[in-house]
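I have placed the structure first, in the form of structure tokens, so that the comments after it can refer back to it.
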Amino acid sequence: MPKVFEGHLLGQELKFGIVVGRFNEFITNKLLSGALDALKRHGVEDENVEIAYVPGAYEIPLVAKKMADSKRYDGVICLGAVIRGATPHFEYVSAEVSKGVAKISLDSNLPVIFGVLTVDTIEQAIERAGTKAGNKGWEAANAAIEMANLLKTI
């Protein structure tokens with residue numbers, strides 16, 4: 001029988017950094033609320049959560065890297081919202097942020113979770129920030145807890 005490794009959703013004793021983009025703040029505040037709720041419900045103490053605000057999604061990877069490099073956290077949760085406009089700016093920002101977050105995670109061997117919405121419309125962002133399509137901040141926090149615990153077992 002093969003050995004199976006799985007993470008679990010018990011957050012006691014875990015510490016997380018959260019990076020939040022302020023651009024589209026009416027959405028990112030909801031993502032942050034969802035993430036904080038998930039962390040609390042899974043046993044992460046308030047004093048084990050640190051939040052850094054950045055101007056927008058493009059700035060998220062730099063602060064996430066600084067947090068990951070500090071070795072103070074079991075995971076870093078990145079939250080932001082990039083909404084398509086009439087120019088190619090959306091593609092550039094979305095691509096660079098997603099690549100940056102993935103690279104930090106791989107380079108640091110730390111769960112750096114991508115909770116950045118990349119959507120076509122404001123309505124889609126609202127749906128993913130706590131209405132019809134759930135709250136992606138909540139989902140990102142759950143992924144961070146699960147991955148932090150999984151990496152401790154491998």
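All positions are counted from 1 along the displayed chain.
Cβ coordinates come from backbone N, Cα and C, glycine included.
A helical conformation is recorded for Tyr58 (5-amino-6-(D-ribitylamino)uracil binding site) in the three-state DSSP classification. Annotated 5-amino-6-(D-ribitylamino)uracil binding site per Swiss-Prot: Phe23, Ala57, Tyr58, Glu59, Ala81, Val82, Ile83, Phe114, in sequence order.
When secondary structure is read from DSSP and collapsed to three states, Arg128 ((2S)-2-hydroxy-3-oxobutyl phosphate binding site) falls in the helix class. Annotated (2S)-2-hydroxy-3-oxobutyl phosphate binding site per Swiss-Prot: Ala86, Thr87, Arg128, in sequence order.
Annotation source Swiss-Prot lists active site, proton donor at His89. Listed in sequence order, there are no same-chain residues at least 6 apart in sequence whose CB falls under 8 Å from the CB of His89 (active site, proton donor). According to DSSP, His89 (active site, proton donor) sits within a helical segment.
Binding of (2S)-2-hydroxy-3-oxobutyl phosphate is attributed in the record to Ala86, Thr87, Arg128, and the widest Cα separation among these residues amounts to 23 Å. Cα-Cα distance from Val82 (5-amino-6-(D-ribitylamino)uracil binding site) to Arg128 ((2S)-2-hydroxy-3-oxobutyl phosphate binding site): 12 Å (rounded to the nearest whole number). When the Cα atoms are compared, Arg128 ((2S)-2-hydroxy-3-oxobutyl phosphate binding site) and Phe23 (5-amino-6-(D-ribitylamino)uracil binding site) turn out to be 16 Å apart. The maximum pairwise C-alpha distance among Phe23, Ala57, Tyr58, Glu59, Ala81, Val82, Ile83, Phe114, the residues recorded as binding 5-amino-6-(D-ribitylamino)uracil, is 16 Å.
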